[in-house]
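Asker: Pasting a structure here, questions to come.
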Ligand SMILES: *Cc1c(COP(=O)(O)O)cnc(C)c1O
């Protein structure tokens, strides 16, 4: 018989009943150090007092009003995002994949309104992940996500990640946009080097193609800048965000320049819940905390410490690990042992990590992970790796 919850997830046998900062507490009382943070969602850890206060205050006042009316919390959050980024305008969604939907629509509408109605093709990359909506799976294009779900949304050209020649050939003045994660998350913590992001910006400028960044996972302070592309000193035309911006409350957004958004007038797009007062009250508080340069300095300091300790861990277990990669607090342990085995051994030692493609174990801890917790994390990962070494093959 089919389970009452549609069985689309492969769940670990763990039931968490409470969260406190970087820790999750299981129903049986065990405490787990959470280095997954809901896959980069709980950016400020669990039950952060400032977020609890923002949410409860809003909950006592007004939960939902339609986008038929003005929503001050939404306006304030849009103003904060515009002030802190390249963007001139923001549309709020409830998730990353909804942000993908709008990014795709916006890019196509831009060319449509210019009279270039054939200019609909969007270039994407192998190993990418843009969510599970029809546009999201068509954009990523992997067999794993698309098989059986055809006919797929047309208009995506899939390139091999890192193939510069193919990229130069593909991005012509017939292309609507290029869509890329500055650091692939699901794809195995694969950063696009800064000089490649710069080159991509130049290619888009030369051809007119719009540049869309998917910062759903790598954004919101994750890499030690508010957004990952800031390290490369360039900006996109459109950016998708979600995950960390809501700190655990469902919230996403599409940020865009005035030019890129020029086709999106009244009636062209909408969402019942997108930008609702509860989500935006929380998102505003997350922005207030994470966009503070002092907070980001501190993230960078602790990220450097974690990176250094992980390099030591890799060196101590050459049979289990190959290398560390990523940026800030978006780190991947490239494994020699099967990544799923390490995740499982971690659970036995009370530390939660997330598997990714390319045999990588992802570490996406709360941005608030303390120095003591970094020590604890590495100790537990060290025990997990040791357990794999001694386990019979
Ligand atoms: C998680 C993720 C998405 C999809 O977000 P949902 O909220 O699950 O729809 C899109 N892009 C990237 C890079 C992601 O990591």
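From the backbone N, Cα and C atoms, a Cβ is placed for every residue, glycine too.
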Asker: According to TrEMBL, 96, 97, 214, 215, 216, 217, 272 bind pyridoxal 5'-phosphate; which of 129, 295, 321 is also listed for that site?
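Answerer: For the pyridoxal 5'-phosphate site that includes 96, 97, 214, 215, 216, 217, 272, TrEMBL also lists 129.
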Asker: Work out the three-state DSSP category of residue 96 (pyridoxal 5'-phosphate binding site).
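Answerer: It is helical.
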Asker: Quick one: what's DSSP say for residue 243 (N6-(pyridoxal phosphate)lysine), helix, strand or coil?
Answerer: helix
Asker: If you check the binding-site residues 96, 271, 272 one by one, which have a CB less than 6 Å away from any atom of ligand 1?
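Answerer: 96, in sequence order.
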Asker: From the Cα of residue 243 (N6-(pyridoxal phosphate)lysine) across to the Cα of residue 129 (pyridoxal 5'-phosphate binding site), what is the distance in angstrom?
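Answerer: Pair distance, Cα basis, whole Å: 13 Å.
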Asker: Which of 214, 215 has the fewest nearby Cβ atoms, counting only those within 10 Å, among these binding-site residues?
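Answerer: Selected from the binding-site residues 214, 215 on minimum Cβ neighbours within 10 Å: 215.
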